[in-house]
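Worksheet: one structure, shown below.
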């Protein structure tokens, strides 16, 4: 499954993995998974977190290592983001629910994920997605970016 990923995708997932793997030990625990999900405005129960880990925990050790994480991401990409998942993700970023993701909202979510970005980096991310040039990302632009991944 993971062998169908490009080098770019793998290095992107490595970066995502390290956001989850707070203590850098090469494994994601339920505690670490919960921390990241809560920083994204989700509120999973302990049982839900355990289910998520069990779903991809091939060796049954109760944590997710990088190869298991890659398999999960490859699977997720195959049943590409349903309309509902995209709307949900957009809502996470669109804090004031005005239908747009501003630079401030993007910075806020990235900071919650432990990604300290400079103003330039945030502006660059907005510019890359901002098709109509209004300085923020609307839902259509967001979908384009997510589907291009």
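Sequential numbering from 1, following the chain as shown.
Keep in mind that glycine also has a Cβ here, set from the backbone N, Cα and C atoms.
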Which one of 88, 105 goes with 94, 96, 98 at the Ca(2+) 3 site, as Swiss-Prot has it?
105
Intrachain residues whose Cβ lies under 8 Å of the domain 'EF-hand 2' (44-79), provided they are six or more past its termini:
1-2, 4-5, 9-10, 13-14, 16-17, 20, 26-30, 33-34, 37-38, 149
With helix taken as DSSP H, G or I, strand as E or B and everything else coil, how many residues of the domain 'EF-hand 3' (81-116) land in each class?
21 helix, 2 strand, 13 coil
Select the closest residue to residue 98 (Ca(2+) 3 binding site) from the following binding-site residues, measuring between CA atoms: 61, 134, 136.
136
Just counting, how many other CB atoms are there within 10 A of the CB of residue 32 (Ca(2+) 1 binding site)?
20
